[in-house]
Amino acid sequence: MQVFNPYDMAVQQFELAADKLELSEDMREILRKPKRELTVNFPVRFDSGRIKTMTGYRVQHNVNRGPAKGGIRYSPDVTLDEVKALAMWMTWKCAVVGIPYGGAKGGVICDPKDMTASELERMTRRFTTEISIVIGPHSDIPAPDVNTNSQVMAWMMDTYSMHAGFSVPAVVTGKPLSIGGSEGRNEATATGVLFTTRRAAQRIGMPLKGARVSLQGFGNAGSGAARLFHAEGCKIVAVSDSAGGLYNESGLDPVAVQRHKLVHGTVATYPQGQRVSIPDVLTVPCDILIPAATEGMITQHNAEQVQARIIAEAANGPTTPEADVILFKKGSLVIPDILANAGGVTVSYFEWVQDLQSLFWDNTEITSRLEVIMNKAFDAVADQADLYNCDMRLGANMLAISRVAEATQIRGIYP
Ligand SMILES: NC(=O)C1=CN([C@@H]2O[C@H](COP(=O)(O)OP(=O)(O)OC[C@H]3O[C@@H](n4cnc5c(N)ncnc54)[C@H](OP(=O)(O)O)[C@@H]3O)[C@@H](O)[C@H]2O)C=CC1
Ligand SMILES: O=C(O)CCC(=O)C(=O)O
């Protein structure tokens, strides 16, 4: 069986859009590969007293539209190819919503669930030191991703600042409010998913009130989306995390489910519902499906069984190109990751701007600015897809790649 490789998938998506744009081979040659790939092996002392050498990565895909931007992931499954794919998707994401950044991503191979808080802090501080040769408030600005959060960002900001000799809040985003974080960043990814889904629902004439929603992943993006869609009047019929899934056709209360997860470690054992497998949540009867876990979940093997009319990709890379073809044929509307989950990086951009000017905005200002950007990007992508009679992923990639190519062309290539 072929092993799933996210970078191969990202390149495949890129080539599809490049073909449609009739992009020159020279430009493809530049945009296909990341600009920088840093691998670091660094020692971390565990609480037992033993030292373990950890491996981490920071990849900058493209910086022609601005500094590199993208999250840091902690997981046993992190690979260089995964980080390269995620960095490329960040480039297209920032371009599709029109914020002045290039794309980057980072990760450390580790199992954070098996580490204590002090082990995590030591690992984060040493990793930050190792990648400090490439990150900075004007060069490359990390943020949270899978298994990292505002506390990890605070340690990163503090470590970078210790080396600088003064506080550099703009070196990372997704920080706690008390050290230069932004209102709205915590729920920004989920808010962007809601804004784009509202737009999609209007387009196909589906009322959100009463719509059945199934979610895969119940972390920052997934649990936030569950709460916001529930508040919008949707019925949350299925949820899942890495331990399993839960289905209840009468609807779940996401706040109660979250409380249960805090105590018991998983949503799967919440008593009011029927246990299902993780892949099952993708194919249960629902109107809106929100994949909010990791890559390669909707494939040619299960795409036909997906029942949702709208698939709003909170996760990066949840759908393979083969599955895209099946979903488009079926008439499912996929709001692609680089658009659906771009609320996170957009509010990160607001955080960075606020940090650089040391002047902070309130939540109303953040949310209304975010809504304007997300709606504008959604409409541009939907129009592009209509124009070319293609799915929204191809439309979004075409828009994004043409913007990055234009910036690359106009800056010129050093002879
Ligand atoms: N945080 C952000 O701002 C942004 C995140 N994203 C993307 O959203 C997705 C989720 O990120 P985020 O919510 O931040 O991460 P979190 O670590 O907060 O949550 C991840 C969730 O996915 C679950 N999960 C992990 N692996 C699997 C698996 N193999 N099968 C099923 N469930 C799994 C986790 O389970 P458990 O709870 O058991 O660990 C957890 O519930 C990622 O693709 C990320 O890149 C995109 C844009 C911004
Ligand atoms: O907020 C950011 O800078 C990036 C978040 C992220 O990693 C993502 O959008 O995938």
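Glycine too: its Cβ is placed from the backbone N, Cα and C atoms.
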Further substrate ligand in TrEMBL, beside Lys69, Lys93, within candidate set Ser348, Ser358, Ser368, Ser402: Ser348
Least buried by Cβ count (within 10 Å) of the binding-site residues Thr189, Asn220, Ser348: Asn220
Spatial neighbours of Lys105 (active site, proton donor), counting only the recorded positions Lys69, Asp145, Asn220 and Cα distances within 10 Å: Lys69, Asp145
Residue pair Lys93 (substrate binding site), Thr189 (NAD(+) binding site) - Cα distance, angstrom, rounded: 13
Lys93 (substrate binding site), number of other Cβ atoms within 10 Å: 29
Check: same-chain CB within 8 A of substrate site center, minus Lys69, Lys93, Ser348: Gly70, Met90, Cys94, Ile99, Tyr101, Gly103, Ala143, Ala342, Gly344, Val345, Thr346, Tyr349
